[in-house]
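**Q** One structure, as structure tokens, below. Some questions next.
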Amino acid sequence: MPKPQSKRSSLPNYIKSRGELIASLQALLANDHVDLEILRSGVPWPSATEIVQLSQVSESNEDAPVAACHSSNEPVVVDPALGDDSHQAHIDLDVNWLSNLIPYNGDELSEQPDSSLFCSPPERMSVSDSSNNTDYLSHFSSSSICQWDNLLDSIGSQTFQDTINVLSPHCQDSGVSQPSNLADDTLGQGQPVSTVVQPQHPGSTERDESVSSIASSQESPRKRQRPHYAIEKRYRAGLQERFEALRDCVASLKKTQHEQRLPGTNEDLAEGDDGGSVSDRATVGRMNKAEVLNQATLCIRQLQEENEVVMEYIKLLIKQFRVMKQAMQQALKVDINS
């Protein structure tokens, strides 16, 4: 099986990336407010538009006024009516105030209960201007409390019975049958409760089977799935294409390094994993996959180290350029003023 060769040229992409780097560097030189820490090794350079946006944000932050801090010692405005005691309410309670709150109309107690049942005779429940006592529980005796509880129990039982008597005629008039009562009556009479089962027609089963068969026949046929070997073949072809591109890149890089070396150095005699020298392997021809991956790893590490050094030098040069730029601007201002 012939190996597919990569016919895509990387020259347009290289020119595009080079132009983007130049534009980013020019934007850094033009905008002095951008922090240089955005340049880090191993991280793609920010685009020119991103650098301009960062510069605008930093300038707006510098021009923004500082928010005034309010101290906690400022006087707090308080409504004088809240602290004024001249408008206090005067409450005078009647002796029979508790009995008046209970609208009782039963047959057992036709008359209103005497005030002596609830409150002791010598004590009066009143609030004067000079009295601030709010504890009203001391005005009740033990006998009055017991009678009060009995009264509440009788009222609650009678109210519940009246509610049942009022609702029962409505249920009888509307003709709504209560399921629980019907079930109790049926079980009490000894009659078994039976459930109604709908009869099935003899031809219903055959009719259902015929309908299901027609529906299954009308379904669209399944899409033909691609066999596994075709998917595997396509995957291997794409992987081989990318590996060939990596092989070409490593070979061209090795060739460039071999041409730049000086003759008679120890680098030409360096041995690889298989015992052969690098120069001999470069002149022989194609490399196997292990050699390609090994050389690619070495190239990546070397590029990372060089990138770190170059990034530090770029930051230093940009800082020096900004200092010189500020000095020139100050000198121009002095000349103009003079």
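Backbone N, Cα and C define each Cβ position, glycine as well.
According to Swiss-Prot, the compositional bias 'Polar residues' annotation covers 174-203. According to Swiss-Prot, the feature domain 'bHLH' maps to 223-303, an assignment based on sequence analysis. The region 'Disordered' annotation in Swiss-Prot covers 171-230, 256-277. Annotation comment: Swiss-Prot describes 223-236 as region 'Basic motif'. The region 'Helix-loop-helix motif' annotation in Swiss-Prot covers 237-303.
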**Q** Give me the DSSP three-state residue breakdown of the region 'Basic motif' (223-236), ordered helix, strand, coil.
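**A** Helix (H, G, I), strand (E, B), coil: 9 helix, 0 strand, 5 coil.
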**Q** Mean pLDDT, the region 'Basic motif' (223-236)?
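**A** Value for the region 'Basic motif' (223-236), mean pLDDT as a whole number: 82.
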